[in-house]
């Protein structure tokens with residue numbers, strides 16, 4: 001017998017759409033299931049001003065399929081030259097919903113990010129005053145710190161001092177990958193929340209490294225050991241209001257992934273909801289799927305939940321997803337969850 005679950009239509013609180021041909025290929029995959037998404041600003045060149053954000057939003061809206069019901073929620077890329085007045089005006093106009101902090105060199109297209117945090121304190125102080133959230137890629141870039149330890153080091157040496165200096169700043173610690181990150185978000189005082197990705201719930205570093213290197217599982221923050229994956233699953237499926245979905249769906253062409261020095265990023269927009277239903281079902285927590293995908297995020301960003309609904313069905317045969325998508329510039333590989341998915345989104 002078919003099992004079904006109806007939830008409010010979900011949102012994605014961390015999404016990379018890229019631009020140009022890639023955006024035209026991947027945007028329909030997000031718009032099919034998600035009503036809204038926080039759009040990452042790490043283009044080349046990055047989205048650093050209100051004018052940049054407006055132009056990017058216009059390009060996204062122009063690329064939407066006919067009849068699509070999708071709202072891009074724009075962000076600005078924080079640099080050491082960011083103007084607090086420009087940020088405040090963009091927020092007041094409803095153009096942006098967050099500012100993104102990339103430590104310089106931490107991930108894809110982060111070269112323009114922040115090298116010295118104190119240099120952006122005037123912007124962060126203004127954000128604290130007006131209630132504008134700061135989304136953080138929480139990893140240090142010190143080459144002496146092991147890549148598997150960079151999230152914990154960031155929390156201990158950067159985030160905790162930052163929040164002590166600016167206790168009123170709204171912070172979203174994005175794509176949490178460790179039990180340390182989960183424990184910090186649960187236990188910290190003040191206005192803190194965290195996003196968790198689809199792929200970090202589904203895989204751990206064994207999936208990436210055992211039996212051969214699988215470049216399409218390479219992402220930043222890098223997948224960790226299974227014990228951290230289990231901590232992420234407990235947090236996501238708990239219904240805790242500080243955790244919500246941010247897929248960090250980050251497409252790269254196969255040629256940029258399947259190479260001697262491949263790019264970091266996982267494209268998961270198409271099958272995310274099937275993956276999440278699988279995780280929550282497996283962990284006996286389907287009752288909390290709606291909170292994670294559809295309720296906690298809007299509450300965090302001061303928005304109402306979507307009025308529309310989505311129905312997921314569990315069938316007795318796996319759902320087949322395309323392994324690859326074609327773009328004008330070459331093929332793109334969809335995230336492989338490494339297990340059959342019996343849940344699907346009902347049309």
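Placement of Cβ uses the backbone N, Cα and C atoms for every residue, glycine included.
Features as listed in Swiss-Prot:
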ACT_SITE  248  active site
BINDING   14, 16, 100, 248  Zn(2+) 1 binding site
BINDING   16, 17, 18, 42, 137, 220, 252, 264  substrate binding site
BINDING   100, 137, 175  Zn(2+) 2 binding site
MOD_RES   100  N6-carboxylysine
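Mapped onto this structure are the features recorded in Swiss-Prot.
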residue : record                 : DSSP class
14      : Zn(2+) 1 binding site  : strand
42      : substrate binding site : coil
100     : Zn(2+) 1 binding site  : strand
137     : substrate binding site : coil
175     : Zn(2+) 2 binding site  : coil
220     : substrate binding site : coil
252     : substrate binding site : coil
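Comparing Cα positions, residue 14 (Zn(2+) 1 binding site) lies closest to 248 out of the recorded positions 137, 175, 248, 252, 264. Taking only the Cα positions, the spacing between residue 175 (Zn(2+) 2 binding site) and the residue listed as 'active site' is 7 angstrom. Geometry remark: residue 18 (substrate binding site) versus residue 248 (active site), CA distance 12 Å. Residue pair residue 137 (substrate binding site) / residue 248 (active site) shows a Cα separation of 11 Å. In this structure the alpha carbons, written CA, of residue 17 (substrate binding site) and residue 248 (active site) are 10 Å apart. The recorded positions near residue 100 (Zn(2+) 1 binding site), taking a 10 angstroms Cα-Cα threshold over the set 220, 248, 252, 264, amount to none. With respect to their backbone Cα atoms, residue 42 (substrate binding site) and residue 16 (Zn(2+) 1 binding site) stand 8 Å from each other. Shown are the binding-site residues 17, 220, 264; of these, the residue with the fewest other Cβ atoms within 10 Å is 264. In the three-state DSSP reading, residue 264 (substrate binding site) counts as coil.
Taking the C-alpha atom of residue 16 (Zn(2+) 1 binding site) as reference, the shortest distance to any of the recorded positions 220, 248, 252, 264 belongs to 248.
Its own atom aside, the Cβ of residue 16 (Zn(2+) 1 binding site) has 25 Cβ atoms within 10 angstroms in the protein chains shown.
When other Cβ atoms within 10 Å of the Cβ of residue 42 (substrate binding site) are tallied across all protein chains shown, the result is 22. Counting in whole angstrom, residue 220 (substrate binding site) lies 10 from residue 248 (active site) by their C-alpha atoms.
Cβ contacts within 10 Å of residue 18 (substrate binding site), excluding its own Cβ and spanning all protein chains shown: 23.
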